[in-house]
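Here is the structure we will look at, set down as C-alpha coordinates.
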(Lines of atoms letter the chains of each structure in order from A; the text may use other names.)
(Lines give C-alpha, C1' and ligand atoms only; values in the text may rest on other atoms or scores of the structure.)
Protein backbone atom coordinates (compact mmCIF):
# COMPACT_ATOMS: atom_id res chain seq x y z
CA UNK A 1 0.00 0.00 0.00
CA UNK A 2 1.47 3.28 -1.13
CA UNK A 3 0.34 5.17 1.92
CA UNK A 4 2.39 3.00 4.29
CA UNK A 5 5.94 4.16 4.85
CA UNK A 6 8.39 1.57 6.02
CA UNK A 7 11.72 0.32 4.81
CA UNK A 8 11.92 -3.34 3.93
CA UNK A 9 15.25 -3.49 5.74
CA UNK A 10 15.36 -4.39 9.42
CA UNK A 11 16.06 -1.35 11.62
CA UNK A 12 19.10 -3.04 13.15
CA UNK A 13 21.61 -5.57 11.94
CA UNK A 14 21.17 -8.36 14.44
CA UNK A 15 18.64 -9.81 16.84
CA UNK A 16 20.32 -8.54 20.00
CA UNK A 17 20.39 -5.00 18.68
CA UNK A 18 16.72 -5.32 17.77
CA UNK A 19 15.94 -6.53 21.29
CA UNK A 20 17.83 -3.56 22.73
CA UNK A 21 15.85 -1.22 20.48
CA UNK A 22 12.53 -2.71 21.62
CA UNK A 23 13.62 -2.48 25.25
CA UNK A 24 14.69 1.13 24.83
CA UNK A 25 11.41 2.08 23.15
CA UNK A 26 9.44 0.43 25.94
CA UNK A 27 11.43 2.43 28.51
CA UNK A 28 10.58 5.61 26.61
CA UNK A 29 6.92 4.69 27.00
CA UNK A 30 7.45 4.26 30.74
CA UNK A 31 7.90 0.52 31.28
CA UNK A 32 10.74 -1.91 31.85
CA UNK A 33 10.95 -5.23 30.02
CA UNK A 34 9.43 -7.96 32.23
CA UNK A 35 7.78 -10.35 29.77
CA UNK A 36 9.88 -12.58 27.53
CA UNK A 37 10.20 -11.00 24.07
CA UNK A 38 10.24 -14.02 21.78
CA UNK A 39 7.51 -13.52 19.17
CA UNK A 40 8.20 -12.84 15.50
CA UNK A 41 5.91 -10.86 13.20
CA UNK A 42 4.42 -14.18 12.08
CA UNK A 43 3.73 -15.22 15.67
CA UNK A 44 2.13 -11.87 16.45
CA UNK A 45 -0.09 -12.24 13.39
CA UNK A 46 -0.94 -15.79 14.43
CA UNK A 47 -2.33 -14.66 17.79
CA UNK A 48 -4.82 -12.25 16.21
CA UNK A 49 -5.63 -14.54 13.28
CA UNK A 50 -6.35 -17.50 15.54
CA UNK A 51 -8.46 -15.35 17.90
CA UNK A 52 -10.49 -13.85 15.03
CA UNK A 53 -10.92 -17.44 13.76
CA UNK A 54 -13.57 -16.79 11.12
CA UNK A 55 -14.60 -20.43 11.17
CA UNK A 56 -15.54 -19.91 14.81
CA UNK A 57 -17.24 -16.55 14.36
CA UNK A 58 -19.21 -17.50 11.26
CA UNK A 59 -20.32 -20.85 12.67
CA UNK A 60 -21.35 -19.34 16.01
CA UNK A 61 -23.52 -16.57 14.56
CA UNK A 62 -24.62 -18.10 11.23
CA UNK A 63 -28.16 -18.66 12.46
CA UNK A 64 -28.51 -14.91 13.04
CA UNK A 65 -27.41 -14.06 9.51
CA UNK A 66 -29.58 -16.79 8.01
CA UNK A 67 -32.65 -15.58 9.91
CA UNK A 68 -32.16 -11.87 9.23
CA UNK A 69 -31.81 -11.45 5.48
CA UNK A 70 -30.32 -14.84 4.70
CA UNK A 71 -27.77 -15.28 1.88
CA UNK A 72 -27.67 -11.70 0.61
CA UNK A 73 -27.20 -10.16 4.08
CA UNK A 74 -24.29 -12.52 4.71
CA UNK A 75 -22.41 -12.80 1.42
CA UNK A 76 -22.76 -9.15 0.40
CA UNK A 77 -23.05 -7.79 3.93
CA UNK A 78 -19.69 -9.40 4.69
CA UNK A 79 -18.04 -7.30 1.98
CA UNK A 80 -19.50 -4.11 3.49
CA UNK A 81 -18.18 -5.11 6.90
CA UNK A 82 -14.75 -5.94 5.47
CA UNK A 83 -14.28 -2.43 4.07
CA UNK A 84 -15.29 -0.53 7.19
CA UNK A 85 -13.72 -2.97 9.64
CA UNK A 86 -10.54 -2.62 7.59
CA UNK A 87 -10.57 1.11 8.34
CA UNK A 88 -10.77 0.35 12.06
CA UNK A 89 -7.85 -2.09 11.77
CA UNK A 90 -5.69 0.39 9.82
CA UNK A 91 -6.31 3.16 12.34
CA UNK A 92 -5.53 0.86 15.26
CA UNK A 93 -2.36 -0.34 13.54
CA UNK A 94 -1.13 3.21 13.07
CA UNK A 95 -1.65 4.03 16.76
CA UNK A 96 -0.15 0.70 17.83
CA UNK A 97 3.03 1.53 15.91
CA UNK A 98 3.35 4.78 17.85
CA UNK A 99 2.70 3.16 21.26
CA UNK A 100 3.76 -0.54 21.27
CA UNK A 101 2.82 -1.57 24.82
CA UNK A 102 0.79 -4.49 26.21
CA UNK A 103 -1.75 -2.04 27.62
CA UNK A 104 -2.72 -1.26 24.07
CA UNK A 105 -6.01 0.59 23.78
CA UNK A 106 -6.22 2.18 27.23
CA UNK A 107 -2.61 3.37 27.03
CA UNK A 108 -3.31 4.87 23.60
CA UNK A 109 -6.35 6.74 24.92
CA UNK A 110 -4.31 8.16 27.79
CA UNK A 111 -1.66 9.49 25.42
CA UNK A 112 -4.11 10.84 22.83
CA UNK A 113 -6.94 12.33 24.91
CA UNK A 114 -4.99 15.26 26.29
CA UNK A 115 -3.62 15.81 29.79
CA UNK A 116 -6.91 16.80 31.45
CA UNK A 117 -8.91 13.86 30.07
CA UNK A 118 -6.15 11.22 30.01
CA UNK A 119 -7.00 9.39 33.28
CA UNK A 120 -10.73 9.12 32.55
CA UNK A 121 -10.16 8.19 28.90
CA UNK A 122 -7.71 5.50 29.97
CA UNK A 123 -10.07 4.20 32.65
CA UNK A 124 -13.16 3.85 30.46
CA UNK A 125 -11.24 2.43 27.49
CA UNK A 126 -9.42 -0.11 29.64
CA UNK A 127 -12.51 -1.39 31.40
CA UNK A 128 -14.53 -1.69 28.20
CA UNK A 129 -11.58 -3.55 26.69
CA UNK A 130 -11.09 -6.06 29.47
CA UNK A 131 -14.81 -6.69 30.08
CA UNK A 132 -15.27 -7.12 26.33
CA UNK A 133 -12.40 -9.61 26.30
CA UNK A 134 -13.85 -11.61 29.19
CA UNK A 135 -17.20 -11.71 27.41
CA UNK A 136 -15.42 -12.67 24.18
CA UNK A 137 -13.76 -15.64 25.85
CA UNK A 138 -17.13 -16.62 27.29
CA UNK A 139 -18.81 -16.51 23.88
CA UNK A 140 -16.07 -18.53 22.17
CA UNK A 141 -15.72 -21.30 24.73
CA UNK A 142 -19.46 -21.53 25.37
CA UNK A 143 -20.05 -21.77 21.62
CA UNK A 144 -17.57 -24.66 21.59
CA UNK A 145 -19.43 -26.39 24.43
CA UNK A 146 -22.70 -26.00 22.48
CA UNK A 147 -21.07 -27.36 19.33
CA UNK A 148 -19.77 -30.38 21.25
CA UNK A 149 -23.31 -30.94 22.52
CA UNK A 150 -24.70 -30.81 18.95
CA UNK A 151 -22.04 -33.24 17.70
CA UNK A 152 -23.02 -35.67 20.49
CA UNK A 153 -26.72 -35.17 19.64
CA UNK A 154 -26.25 -35.97 15.95
CA UNK A 155 -23.91 -38.86 16.77
CA UNK A 156 -26.66 -40.48 18.86
CA UNK A 157 -29.42 -40.41 16.20
CA UNK A 158 -30.41 -36.74 16.49
CA UNK A 159 -33.22 -34.98 18.29
CA UNK A 160 -35.99 -36.83 16.46
CA UNK A 161 -34.29 -40.19 16.78
CA UNK A 162 -33.96 -40.11 20.55
CA UNK A 163 -30.41 -38.74 20.57
CA UNK A 164 -28.80 -37.36 23.71
CA UNK A 165 -29.69 -33.69 24.27
CA UNK A 166 -27.47 -32.37 27.05
CA UNK A 167 -29.07 -30.21 29.72
CA UNK A 168 -27.89 -26.66 30.33
CA UNK A 169 -26.00 -27.92 33.37
CA UNK A 170 -24.10 -30.49 31.32
CA UNK A 171 -23.26 -27.84 28.69
CA UNK A 172 -21.97 -25.58 31.48
CA UNK A 173 -19.84 -28.45 32.81
CA UNK A 174 -18.36 -29.05 29.34
CA UNK A 175 -17.67 -25.33 29.13
CA UNK A 176 -15.92 -25.37 32.52
CA UNK A 177 -13.66 -28.25 31.43
CA UNK A 178 -12.73 -26.38 28.24
CA UNK A 179 -11.89 -23.26 30.25
CA UNK A 180 -9.67 -25.20 32.66
CA UNK A 181 -7.75 -26.80 29.77
CA UNK A 182 -7.26 -23.37 28.22
CA UNK A 183 -6.03 -22.03 31.54
CA UNK A 184 -3.50 -24.86 31.86
CA UNK A 185 -2.19 -24.29 28.34
CA UNK A 186 -1.85 -20.56 29.03
CA UNK A 187 0.24 -21.37 32.09
CA UNK A 188 2.98 -22.59 29.75
CA UNK A 189 5.89 -20.38 28.55
CA UNK A 190 5.36 -18.04 25.62
CA UNK A 191 7.11 -20.39 23.17
CA UNK A 192 4.36 -22.98 23.72
CA UNK A 193 1.64 -20.37 23.34
CA UNK A 194 3.22 -19.22 20.08
CA UNK A 195 3.13 -22.86 18.89
CA UNK A 196 -0.58 -23.18 19.69
CA UNK A 197 -1.38 -19.91 17.95
CA UNK A 198 0.58 -20.98 14.86
CA UNK A 199 -1.39 -24.23 15.03
CA UNK A 200 -4.62 -22.25 15.34
CA UNK A 201 -3.77 -20.20 12.27
CA UNK A 202 -2.89 -23.32 10.31
CA UNK A 203 -6.10 -25.07 11.37
CA UNK A 204 -8.19 -22.09 10.33
CA UNK A 205 -6.66 -21.94 6.86
CA UNK A 206 -6.49 -25.72 6.40
CA UNK A 207 -9.98 -26.18 7.85
CA UNK A 208 -11.53 -23.58 5.56
CA UNK A 209 -9.71 -25.06 2.55
CA UNK A 210 -10.94 -28.54 3.47
CA UNK A 211 -14.56 -27.50 3.96
CA UNK A 212 -14.64 -25.25 0.90
CA UNK A 213 -13.33 -28.18 -1.15
CA UNK A 214 -15.55 -30.86 0.39
CA UNK A 215 -18.89 -29.04 0.44
CA UNK A 216 -19.28 -28.48 -3.33
CA UNK A 217 -17.77 -31.88 -4.11
CA UNK A 218 -20.21 -33.73 -1.85
CA UNK A 219 -23.29 -31.57 -2.46
CA UNK A 220 -23.04 -31.64 -6.28
CA UNK A 221 -26.63 -31.35 -7.57
CA UNK A 222 -28.02 -30.27 -4.18
CA UNK A 223 -26.24 -26.92 -4.13
CA UNK A 224 -28.00 -23.59 -4.32
CA UNK A 225 -27.61 -21.47 -7.43
CA UNK A 226 -25.24 -18.53 -7.65
CA UNK A 227 -28.29 -16.30 -7.91
CA UNK A 228 -29.64 -17.68 -4.61
CA UNK A 229 -26.31 -17.25 -2.81
CA UNK A 230 -25.87 -13.59 -3.74
CA UNK A 231 -29.41 -12.26 -4.20
CA UNK A 232 -31.89 -14.29 -2.11
CA UNK A 233 -33.31 -12.15 0.68
CA UNK A 234 -34.95 -14.06 3.51
CA UNK A 235 -37.81 -12.09 5.08
CA UNK A 236 -39.47 -15.12 6.66
CA UNK A 237 -37.60 -14.77 9.96
CA UNK A 238 -40.47 -15.62 12.29
CA UNK A 239 -39.65 -12.51 14.32
CA UNK A 240 -42.33 -10.21 12.99
CA UNK A 241 -39.87 -7.98 11.11
CA UNK A 242 -40.63 -7.28 7.45
CA UNK A 243 -38.75 -4.08 6.59
CA UNK A 244 -35.84 -5.15 4.37
CA UNK A 245 -33.48 -2.34 5.39
CA UNK A 246 -34.01 -3.14 9.06
CA UNK A 247 -33.51 -6.86 8.44
CA UNK A 248 -30.29 -6.18 6.53
CA UNK A 249 -28.93 -4.02 9.35
CA UNK A 250 -29.58 -6.72 11.96
CA UNK A 251 -28.10 -9.36 9.64
CA UNK A 252 -24.83 -7.42 9.46
CA UNK A 253 -24.17 -8.29 13.09
CA UNK A 254 -23.08 -11.81 12.11
CA UNK A 255 -20.32 -10.43 9.91
CA UNK A 256 -19.17 -7.91 12.50
CA UNK A 257 -18.95 -10.43 15.33
CA UNK A 258 -16.96 -12.80 13.13
CA UNK A 259 -13.98 -10.44 12.66
CA UNK A 260 -13.15 -9.26 16.16
CA UNK A 261 -10.32 -9.69 18.66
CA UNK A 262 -7.45 -8.33 16.61
CA UNK A 263 -6.38 -6.08 19.49
CA UNK A 264 -4.49 -9.22 20.58
CA UNK A 265 -1.58 -8.12 18.39
CA UNK A 266 -1.34 -4.92 20.45
CA UNK A 267 -1.50 -6.78 23.76
CA UNK A 268 1.37 -9.03 22.66
CA UNK A 269 3.72 -6.15 21.71
CA UNK A 270 5.93 -6.45 24.80
CA UNK A 271 6.59 -10.06 23.79
CA UNK A 272 7.10 -9.26 20.11
CA UNK A 273 10.38 -8.45 18.36
CA UNK A 274 10.51 -5.23 16.33
CA UNK A 275 7.15 -4.45 17.90
CA UNK A 276 6.46 -1.05 16.35
CA UNK A 277 6.27 -2.70 12.92
CA UNK A 278 5.45 -6.34 13.68
CA UNK A 279 2.34 -5.65 15.81
CA UNK A 280 0.68 -3.25 13.31
CA UNK A 281 1.33 -5.76 10.55
CA UNK A 282 -0.19 -8.44 12.76
CA UNK A 283 -3.37 -6.36 13.08
CA UNK A 284 -3.71 -5.48 9.40
CA UNK A 285 -2.81 -8.85 7.90
CA UNK A 286 -4.96 -10.83 10.35
CA UNK A 287 -8.02 -8.71 9.53
CA UNK A 288 -7.34 -8.73 5.79
CA UNK A 289 -6.82 -12.48 5.51
CA UNK A 290 -9.69 -13.24 7.91
CA UNK A 291 -12.02 -11.13 5.78
CA UNK A 292 -10.93 -12.98 2.64
CA UNK A 293 -11.05 -16.52 4.03
CA UNK A 294 -14.23 -15.79 5.95
CA UNK A 295 -16.07 -14.71 2.82
CA UNK A 296 -14.97 -17.81 0.92
CA UNK A 297 -16.11 -20.02 3.82
CA UNK A 298 -19.40 -18.14 4.04
CA UNK A 299 -20.16 -18.57 0.35
CA UNK A 300 -19.41 -22.31 0.53
CA UNK A 301 -21.70 -22.78 3.53
CA UNK A 302 -24.50 -20.74 2.01
CA UNK A 303 -24.44 -22.96 -1.09
CA UNK A 304 -26.04 -25.79 0.94
CA UNK A 305 -28.59 -23.66 2.83
CA UNK A 306 -31.48 -24.23 0.43
CA UNK A 307 -34.30 -24.83 2.94
CA UNK A 308 -33.85 -22.00 5.42
CA UNK A 309 -37.03 -22.48 7.46
CA UNK A 310 -36.23 -26.17 8.03
CA UNK A 311 -32.62 -25.53 8.99
CA UNK A 312 -33.65 -22.92 11.57
CA UNK A 313 -36.43 -25.09 13.00
CA UNK A 314 -35.56 -26.05 16.60
CA UNK A 315 -37.36 -29.37 16.02
CA UNK A 316 -34.88 -30.66 13.42
CA UNK A 317 -32.30 -33.28 14.38
CA UNK A 318 -29.64 -30.68 15.25
CA UNK A 319 -32.05 -28.68 17.39
CA UNK A 320 -32.06 -25.74 14.96
CA UNK A 321 -28.27 -25.51 14.56
CA UNK A 322 -28.35 -24.70 10.83
CA UNK A 323 -24.73 -25.41 9.88
CA UNK A 324 -24.67 -28.72 11.75
CA UNK A 325 -27.95 -29.87 10.20
CA UNK A 326 -26.99 -28.85 6.65
CA UNK A 327 -23.55 -30.51 6.79
CA UNK A 328 -25.05 -33.67 8.26
CA UNK A 329 -27.81 -33.76 5.60
CA UNK A 330 -25.37 -33.10 2.75
CA UNK A 331 -23.24 -36.14 3.57
CA UNK A 332 -26.23 -38.29 4.49
CA UNK A 333 -27.94 -37.68 1.14
CA UNK A 334 -24.76 -38.53 -0.77
CA UNK A 335 -23.42 -41.48 1.20
CA UNK A 336 -26.32 -42.64 3.36
CA UNK A 337 -24.42 -41.56 6.48
CA UNK A 338 -23.82 -38.22 8.17
CA UNK A 339 -20.41 -39.17 9.55
CA UNK A 340 -18.67 -36.90 7.06
CA UNK A 341 -20.73 -33.98 8.35
CA UNK A 342 -19.67 -34.81 11.91
CA UNK A 343 -16.03 -34.80 10.80
CA UNK A 344 -16.54 -31.33 9.33
CA UNK A 345 -18.05 -30.19 12.63
CA UNK A 346 -15.02 -31.68 14.39
CA UNK A 347 -12.74 -29.53 12.22
CA UNK A 348 -14.73 -26.44 13.22
CA UNK A 349 -14.61 -27.48 16.88
CA UNK A 350 -10.81 -27.84 16.72
CA UNK A 351 -10.41 -24.33 15.30
CA UNK A 352 -12.75 -22.99 18.00
CA UNK A 353 -10.75 -24.72 20.74
CA UNK A 354 -7.51 -23.15 19.49
CA UNK A 355 -9.26 -19.79 19.21
CA UNK A 356 -10.16 -20.01 22.91
CA UNK A 357 -6.50 -20.49 23.84
CA UNK A 358 -5.58 -17.22 22.15
CA UNK A 359 -8.49 -15.42 23.84
CA UNK A 360 -7.19 -16.29 27.30
CA UNK A 361 -3.69 -15.22 26.24
CA UNK A 362 -4.91 -11.82 25.09
CA UNK A 363 -7.11 -11.45 28.23
CA UNK A 364 -4.20 -12.16 30.51
CA UNK A 365 -1.81 -9.71 28.82
CA UNK A 366 -4.42 -6.95 28.95
CA UNK A 367 -5.11 -7.76 32.62
CA UNK A 368 -1.38 -7.80 33.37
CA UNK A 369 -0.87 -4.36 31.84
CA UNK A 370 -4.00 -2.86 33.41
CA UNK A 371 -3.03 -4.10 36.87
CA UNK A 372 0.54 -2.87 36.32
CA UNK A 373 -0.99 0.61 36.18
CA UNK A 374 -3.04 -0.05 39.32
CA UNK A 375 -6.45 0.05 37.61
CA UNK A 376 -7.77 -3.31 38.81
CA UNK A 377 -8.79 -4.35 42.33
CA UNK A 378 -5.93 -6.27 43.98
CA UNK A 379 -3.59 -5.14 41.19
CA UNK A 380 -0.54 -6.36 43.08
CA UNK A 381 -1.86 -9.91 42.90
CA UNK A 382 -2.52 -9.84 39.15
CA UNK A 383 0.63 -7.91 38.29
CA UNK A 384 3.03 -10.79 38.85
CA UNK A 385 4.95 -13.07 36.53
CA UNK A 386 6.41 -16.47 37.38
CA UNK A 387 9.88 -17.84 36.63
CA UNK A 388 8.88 -18.51 33.03
CA UNK A 389 7.84 -14.83 32.73
CA UNK A 390 4.16 -15.78 32.45
CA UNK A 391 1.48 -13.63 34.22
CA UNK A 392 0.03 -16.75 35.83
CA UNK A 393 -2.36 -15.15 38.34
CA UNK A 394 -4.16 -13.07 35.76
CA UNK A 395 -4.42 -16.08 33.43
CA UNK A 396 -6.60 -17.79 36.02
CA UNK A 397 -8.47 -14.57 36.74
CA UNK A 398 -9.46 -14.54 33.06
CA UNK A 399 -10.65 -18.15 33.34
CA UNK A 400 -12.66 -17.39 36.49
CA UNK A 401 -14.34 -14.29 35.02
CA UNK A 402 -15.30 -16.14 31.86
CA UNK A 403 -16.90 -18.91 33.92
CA UNK A 404 -18.80 -16.44 36.12
CA UNK A 405 -20.19 -14.68 33.03
CA UNK A 406 -21.45 -17.99 31.63
CA UNK A 407 -23.55 -18.64 34.74
CA UNK A 408 -26.21 -16.39 33.21
CA UNK A 409 -26.90 -19.26 30.78
CA UNK A 410 -28.61 -21.09 33.65
CA UNK A 411 -31.21 -18.34 33.76
CA UNK A 412 -32.54 -16.47 30.74
CA UNK A 413 -31.17 -17.36 27.30
CA UNK A 414 -32.02 -13.83 26.15
CA UNK A 415 -30.06 -12.30 29.03
CA UNK A 416 -27.11 -14.58 28.23
CA UNK A 417 -27.12 -13.50 24.58
CA UNK A 418 -27.22 -9.86 25.66
CA UNK A 419 -24.24 -10.47 27.90
CA UNK A 420 -22.38 -11.92 24.95
CA UNK A 421 -23.17 -8.77 22.95
CA UNK A 422 -20.90 -7.00 25.41
CA UNK A 423 -18.06 -8.88 23.71
CA UNK A 424 -18.70 -7.04 20.46
CA UNK A 425 -19.84 -3.66 21.77
CA UNK A 426 -17.32 -3.56 24.62
CA UNK A 427 -14.41 -4.36 22.35
CA UNK A 428 -15.61 -2.09 19.59
CA UNK A 429 -16.09 0.88 21.93
CA UNK A 430 -12.57 0.24 23.22
CA UNK A 431 -11.33 0.17 19.62
CA UNK A 432 -13.16 3.37 18.72
CA UNK A 433 -12.17 5.59 21.65
CA UNK A 434 -8.41 5.91 20.95
CA UNK A 435 -9.14 6.35 17.23
CA UNK A 436 -11.60 9.15 18.14
CA UNK A 437 -8.94 10.87 20.26
CA UNK A 438 -6.42 10.39 17.45
CA UNK A 439 -8.58 12.37 14.99
CA UNK A 440 -9.75 15.02 17.49
CA UNK A 441 -7.63 16.02 20.49
CA UNK A 442 -4.41 14.54 19.05
CA UNK A 443 -5.01 15.40 15.41
CA UNK A 444 -2.08 17.84 15.27
CA UNK A 445 0.12 16.39 18.01
CA UNK A 446 0.08 12.69 17.03
CA UNK A 447 3.55 11.42 16.09
CA UNK A 448 3.24 8.22 14.02
CA UNK A 449 5.57 5.25 14.27
CA UNK A 450 7.16 3.22 11.48
CA UNK A 451 3.70 2.13 10.26
CA UNK A 452 1.66 5.19 9.31
CA UNK A 453 -1.15 6.15 6.99
CA UNK A 454 0.25 9.50 5.95
CA UNK A 455 -2.32 12.10 4.95
CA UNK A 456 -5.05 9.46 4.87
CA UNK A 457 -4.81 8.75 8.61
CA UNK A 458 -7.44 11.28 9.72
CA UNK A 459 -9.93 10.38 6.96
CA UNK A 460 -9.64 6.65 7.64
CA UNK A 461 -9.91 7.38 11.36
CA UNK A 462 -13.21 9.26 10.98
CA UNK A 463 -14.64 6.44 8.84
CA UNK A 464 -13.62 3.99 11.57
CA UNK A 465 -15.24 6.07 14.32
CA UNK A 466 -18.48 6.37 12.32
CA UNK A 467 -18.57 2.61 11.77
CA UNK A 468 -18.03 1.89 15.47
CA UNK A 469 -20.91 4.23 16.34
CA UNK A 470 -23.18 2.55 13.77
CA UNK A 471 -22.37 -0.97 14.95
CA UNK A 472 -23.05 0.03 18.55
CA UNK A 473 -26.52 1.25 17.56
CA UNK A 474 -27.25 -1.82 15.41
CA UNK A 475 -26.44 -4.22 18.24
CA UNK A 476 -28.94 -2.38 20.44
CA UNK A 477 -31.92 -2.56 18.06
CA UNK A 478 -34.97 -4.76 18.82
CA UNK A 479 -34.68 -8.11 17.04
CA UNK A 480 -38.36 -9.07 17.11
CA UNK A 481 -41.84 -7.51 17.05
CA UNK A 482 -44.00 -7.21 18.99
CA UNK A 483 -41.52 -6.77 21.81
CA UNK A 484 -42.16 -9.02 24.80
CA UNK A 485 -40.01 -10.27 27.66
CA UNK A 486 -38.95 -13.41 25.79
CA UNK A 487 -37.53 -11.53 22.77
CA UNK A 488 -36.51 -8.22 24.33
CA UNK A 489 -32.97 -7.22 23.33
CA UNK A 490 -31.22 -6.65 26.63
CA UNK A 491 -28.01 -5.53 24.94
CA UNK A 492 -28.45 -1.79 25.64
CA UNK A 493 -29.39 -2.64 29.22
CA UNK A 494 -26.33 -4.85 29.69
CA UNK A 495 -23.93 -2.43 28.04
CA UNK A 496 -25.56 0.50 29.82
CA UNK A 497 -25.07 -1.33 33.10
CA UNK A 498 -21.37 -1.85 32.35
CA UNK A 499 -21.04 1.82 31.41
CA UNK A 500 -22.81 2.88 34.60
CA UNK A 501 -20.47 0.76 36.72
CA UNK A 502 -17.38 2.08 34.94
CA UNK A 503 -18.39 5.74 35.16
CA UNK A 504 -19.83 5.33 38.66
CA UNK A 505 -16.62 3.77 39.99
CA UNK A 506 -14.70 6.62 38.40
CA UNK A 507 -16.82 9.37 39.93
CA UNK A 508 -17.05 7.82 43.38
CA UNK A 509 -13.57 6.39 43.73
CA UNK A 510 -11.07 6.06 40.89
CA UNK A 511 -10.83 9.76 39.97
CA UNK A 512 -9.13 10.43 43.30
CA UNK A 513 -6.22 8.08 42.68
CA UNK A 514 -6.08 6.72 39.11
CA UNK A 515 -3.80 8.91 36.99
CA UNK A 516 -3.54 6.69 33.93
CA UNK A 517 -0.50 4.61 32.90
CA UNK A 518 2.21 4.59 35.57
CA UNK A 519 5.90 4.34 34.74
CA UNK A 520 7.70 1.44 36.45
CA UNK A 521 11.13 2.09 34.94
CA UNK A 522 12.59 3.12 38.30
CA UNK A 523 10.64 0.55 40.33
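All residue numbers here begin at 1 and follow the chain in the order shown.
Note: Cβ is positioned from N, Cα and C throughout, glycine not excepted.
Looking at 339-360, 361-382, the stretch flagged in TrEMBL as transmembrane segment turns out to be 339-360. Among the ranges 319-337, 490-508, the one that TrEMBL lists as transmembrane segment is 490-508.
Segment annotation: TrEMBL labels transmembrane segment over residues 74-96 (candidates 5-27, 74-96). Pairs of Cβ atoms less than 8 Å apart link the transmembrane segment (142-162) most often to 169-186, out of 117-136, 169-186, 283-305, 458-484. The transmembrane segment (41-62) shares the most Cβ pairs under 8 Å with 192-215, out of the stretches 169-186, 192-215, 390-408, 490-508. Sequence-distant residue pairs (6 or more apart) of the transmembrane segment (390-408) and the transmembrane segment (117-136) include at least 3 whose Cβ atoms are under 8 Å, placing the two stretches in contact.
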